[in-house]
Amino acid sequence: MSFHSFCKLIWESLEFWYYAALLILVGLLKNGQLQLDIMSVCINYEFWTMMVALGFSEAVSVRVSNELGASRPKEAKFAVAMAAMTSALIGATFMAVFFIWRRGLPRLFSDDEEVVDGAARLGYLLAVTVFFSSIGPVLSGVAVGAGWQLQVAFVNIGCYYLVGIPVGVLLGFKFKLGALGVWTGMLTGTLLQMAIVLVIIMRTEWEKQALLAAARIKEVGGKNEDQPLATAACREDEQMDTANDETYMQTRERNRELECNEQALV
């Protein structure tokens, strides 16, 4: 197993252990059995919708890594934008479903009215969580495709275990919000993790990442057949930009001369 694959395994495990830790915490609450039933229903629905996001995550991971390896940074950036927008649209659809049927959906798991009522109250947060959980895995997939597995692992540790769980414990036990408080802590950690990864992606210099990907290919003895074509394309773009700049400057100088002549005539 390579180092990057091991890092990916670590951060994926940290994410699923996070949910397991939250279920354990909910079981320690007052009336823990009821709270655990409510939390389990909501987490099951979140995991169902997350399967779609995980599919997009793997797809965009492969696409980004292939585009960077082929020295096509613009295509990689375009793939990131399209995957993020598509997953956001799907997440918004899921969110609307859970908002509308937040009382009917829990009945598929339980006939206990207390469980249904509790899950319905938690349904608002569940709907918001489902939306962001549809985007978060896609952003993480981009990070994997770009080779940032180690950075994402550290981000997950900080956001989930140093922020999410403590906030959940504080709200659930100290402020006696029960499963609602624990879920709020979980959502806080998830939002923070997604925000950090999003900032990293937005500040990424994709041309530089393409060069790093090419260097990694050379390290393992591979050959990038698209590199000469990509380099030539980049040079053509630079030449076109230079020509456009020169044309713009010439036009600007002519306009200035015309203005000066008009003022002189006046």
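Here the Cβ of each residue, glycine as well, is placed from N, Cα and C on the backbone.
Values in this document were obtained by computation on a predicted structure and should not be read as measured data.
Now, the feature entries from TrEMBL:
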| type | residues | note |
| --- | --- | --- |
| TRANSMEM | 16-33 | transmembrane segment |
| TRANSMEM | 45-66 | transmembrane segment |
| TRANSMEM | 78-101 | transmembrane segment |
| TRANSMEM | 122-146 | transmembrane segment |
| TRANSMEM | 152-173 | transmembrane segment |
| TRANSMEM | 180-202 | transmembrane segment |
Beyond the flanks of the transmembrane segment (16-33) by 6 or more, those residues with Cβ under 8 Å of it: 39-40, 43, 156, 160-161, 164-165, 168-169, 172-173, 176, 178-179, 182-183, 185-186, 189
Long-range environment of the transmembrane segment (152-173) - Cβ separation under 8 angstroms, sequence gap at least 6: 7, 10-11, 14-15, 18, 21-22, 25-26, 29, 140, 143-144, 179-186, 188-190, 192-193, 196-197
Same-chain residues near the transmembrane segment (180-202), Cβ under 8 Å, at least 6 residues beyond its ends: 18-19, 22, 25-26, 29, 39, 42, 80, 121-122, 125-126, 128-129, 132-133, 135-136, 139-140, 142-143, 148, 151-152, 155-156, 159-160, 163-173
Contacting positions for the transmembrane segment (122-146) when only residues 6+ beyond its ends and CB under 8 Å are counted: 8, 11, 38-39, 42, 45-46, 49-50, 52-54, 56-65, 68, 76, 80, 83-84, 87-88, 90-92, 94-96, 98-99, 102-103, 105-106, 152, 179-180, 183-184, 186-187, 190-191, 193-194, 197-198, 200-201, 204, 209
